[in-house]
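Here is the structure we will look at, set down as structure tokens.
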Amino acid sequence: MGRGVYTLALRGLAPLIWLWMWRRARRAGGQWELFAPARFGRAGARAPAPLAAPVWVHAVSLGETRAAQPLVQALLERGLPVLLTHTTATGRAEGERLFGAAIGRGQLQQAWLPYDFPGATRRFLARHAPRCGLLMEREVWPNLLAAARAQGVPMALVSARFSASSLRQAGWLGQALREALAGLDRVLAQTDEDGARLCQAGANAYTVTGSLKFDVALPEAQLRVGHAWAGATGRPVIALASTREGEDAMFIEAIGALQAHRAATPRPLILLIPRHPQRFDEAAAQLQAAGLAYARRSAGSGEPGPHIDVLLGDTLGEMPFYYAAADVAIVGGSFARLGGQNLIEACAAGTPVIVGPHTFNFKDAARDAIAAGAALRAPDARTALDWALQLLAEPARRQAMSEAARAWTAAHAGATRRTLDALEDWLG
């Protein structure tokens, strides 16, 4: 499929794509502005004047925005103007939370990435005229990269990852993807394997700079509050972190096995933290239907009472708090076939980690964390919960895993510096 056929297909499928996004937006809440002028590369009536020659960073959603934090912060500290684009409302909200001060002083602007129509991408680049574009992780769009080439905007894929399954799935885009990847001026890969697969798919060359996720600084205030909160509960805590579709039901069923521990003193408290806010109410309904006593973190009622089985983590931006509060973290996305969620943040907090069998989005990180003694891999949700209970009974083993987790994340830090070094001639 060449780029022309890709564009025709995109135009034909656009109504279905917009319907899917509308449904997602309706569940998630927030201001998605699916048909705002900016989504088509146009300046709206209230759009601010663009920054002069900004460094443009695209972070599609929540996870990518968090991962981009150390890079964006480093650019801001150098005094550079930054244009930060997103596709989802959760990503944009996280950007506002992380970089509110820079937005307030006019050094950073946020915008929607336009849909990948040729005219929209041309208008976007002509309006903002970035000195360079940095696409986070996997955001390769054929028409966007073609427009950047035509307008002389150098483009890099940073903290790039590309799994074996991504390589297989890329085949249907054919020539359009090969041309897009070949049009990247630089590919800064997380690992040699990621870079090699990107070259198989069409990129010309790559440099390994590592994952920016290892450089994300966890807020000390949240860590302190999390530790204090856990101490005040007087109970051991297991976090079910970043659970995805279908996993809440698995774990809620497994939590039933904790009934045998009701007589234990103190009884374990479960933190259930769905990955996406649109599923908070759904998880609450499942807990209610299962007959589990639960409270919602958003209710702000302080430490849950001893009768509470589960605290539903229905807040955004508090993952460091949850990890600091937990004695053990079971990281979701890896028990359903979804590739896993970020385990690096939990390890950075010094929390022992258990992952499931499906970690292809974090293949190297999961493998290395397990080898370092920072994490365990369980075959299913029930086993993961059983292992977490065993760890609660073995403080020396938990402490060893905690120390290994911190050492492992510290050993892999430095991707921000390496990324900046690789882009130095673009940044001026």
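Heads up, the Cβ atoms here are built off N, Cα and C, so glycines get one too.
What Swiss-Prot says about this protein:
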type: ACT_SITE; residues: Glu64; note: active site, proton acceptor
type: BINDING; residues: Pro274, Arg275, Leu316, Gly317, Glu318, Asn342, Leu343, Ile344, Glu345; note: CMP binding site
type: SITE; residues: Glu137; note: site 'Transition state stabilizer'
type: SITE; residues: Lys213; note: site 'Transition state stabilizer'
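Shown here: features listed in Swiss-Prot, placed on the structure.
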residue	record	DSSP class
Glu64	active site, proton acceptor	helix
Glu137	site 'Transition state stabilizer'	coil
Lys213	site 'Transition state stabilizer'	helix
Pro274	CMP binding site	strand
Leu316	CMP binding site	coil
Leu343	CMP binding site	coil
Residue with minimal Cβ packing [other Cβ atoms within 10 Å] among the binding-site residues Leu316, Leu343: Leu316
Glu137 (site 'Transition state stabilizer') and Leu343 (CMP binding site), distance between Cα atoms, whole Å: 16
Candidate with the highest Cβ count within 10 Å, taken from the recorded positions Glu64, Glu318, Glu345: Glu345
Pairwise CA distance, Lys213 (site 'Transition state stabilizer') versus Glu345 (CMP binding site), rounded so that it is a whole Å: 8
Lys213 (site 'Transition state stabilizer'): tally of other CB atoms within 10 A of its CB: 25
Surrounding CB atoms that lie within 10 Å of the CB of Glu137 (site 'Transition state stabilizer'), all protein chains: 24
C-beta crowding around Pro274 (CMP binding site), within 10 angstroms: 24
Between Glu345 (CMP binding site) and the residue listed as 'active site, proton acceptor', the C-alpha gap once rounded to whole angstrom: 13
Integer Cα-Cα distance in angstrom, Leu316 (CMP binding site) to Glu64 (active site, proton acceptor): 15
Distance from Glu137 (site 'Transition state stabilizer') back to Glu318 (CMP binding site), taken between C-alpha atoms, in Å: 23
